[in-house]
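Peer 1: Below is the structure I would like to discuss, written out as structure tokens.
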Amino acid sequence: MENRTNFFHLHLISDSTGETLISAGRAASAQFRSAQPIEHVYPLIRNRKQLLPVLQAIDDAPGIVLYTIVDRELASLIDERCVEMGVASVNVLEPVMNAFQIYLGAPSRRRVGAQHVMNAGYFARIEALNFTMDHDDGQMPDDYNDADVVIIGISRTSKTPTSIYLANRGIKTANIPIVYGVPLPESLFTTTKPLIVCLIATTDRISQVRENRILGATHGFDREHYTDRAAISEELKYARSLCARHNWPLIDVTRRSIEETAAAIVALRPKLR
């Protein structure tokens, strides 16, 4: 009998780096062996303009929403929209803050990012996060020489969550989708500074994740082609040929967590440690 993993979308919204949420989400999801989260991490969400596209992304791929947003107006907007969409939302810090307020008899300051010491390491992480969010999914290709790492790979190989995980450690990371038959940005072939690495997975793994991805999508997918195993095999073959041609290392993420994938990337470039 085929042992299929059930996937679900886990949306993590933070007004800071998102480390608290990532840890909480993974600690909870580890208790459910039959289901694996597809993480969508949204750090540095501090105003309505930044939040609205996040809410649209949740609507496109419904799942569990965890957030650490101290601004009451933004937190209320998240809860209201999640109720409308019929998805669960949890303000992870609110019960803890309430307990502190009751015990200490004093209100919290509700200051964004108050848990972080304002040292050089913190500002390096924020700079890396801003860079990584600006260079997600092939955006701003002319800046790749400013990156520490450029991750490439076909759709659903964990490029974005791995990029954000690295950024939370101060590593500026860009990621680019490999689309069969579509040339990669010319700047990728002329850049000299960053480590370029390709993420791959088995055909079955990618097909499963893609099938789950389109469950909540209402448009924008050629569903049959997107999950077709023969088509995915061709995409992987194309990615492997690109990497062989340019001597870019491959990392198979099939049985790796995001942390393990990030560690494998760092191991390829010791100065990133």
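The count begins at 1 with the first shown residue.
Every residue, even glycine, has its Cβ placed from backbone N, Cα and C.
Here Swiss-Prot flags GLY153, ILE154, SER155, ARG156, THR157, SER158, LYS159, THR160 as ADP binding site.
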Peer 1: Does DSSP put THR157 (ADP binding site) in a helix, in a strand, or in coil?
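Peer 2: SS state of THR157 (ADP binding site) = coil.
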Peer 1: Suppose the ADP site is GLY153, ILE154, SER155, ARG156, THR157, SER158, LYS159, THR160. Which further residues of the same chain have a Cβ inside 8 angstroms of that site's Cβ centroid?
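Peer 2: Along the chain, the qualifying residues are ASN175, PRO177, LEU199.
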Peer 1: Can you tell me how many other Cβ atoms are located within 10 Å of the Cβ belonging to SER158 (ADP binding site)?
Peer 2: 23
Peer 1: May I ask which residues of the same chain, at least 6 positions away in sequence, place their Cβ under 8 angstroms from the Cβ of GLY153 (ADP binding site)?
Peer 2: LYS159, ASN175, PRO177, ILE178, CYS198, LEU199, ILE200, ALA239
Peer 1: Let me spell it out: for each of the binding-site residues (THR157, THR160), count the other Cβ atoms within 10 Å of that residue's Cβ, using every protein chain shown. Which one has the most?
Peer 2: THR157
Peer 1: Going along the chain, which residues six or more apart from ILE154 (ADP binding site) have their CB under 8 A from its CB?
Peer 2: PRO177, ILE178, VAL179, TYR180, ILE200, ILE206, ILE232, GLU235, LEU236, ALA239
Peer 1: Just to be sure I understand the packing, how many Cβ atoms besides its own are within 10 Å of the Cβ of LYS159 (ADP binding site)?
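Peer 2: Around LYS159 (ADP binding site), other Cβ atoms within 10 Å: 26.
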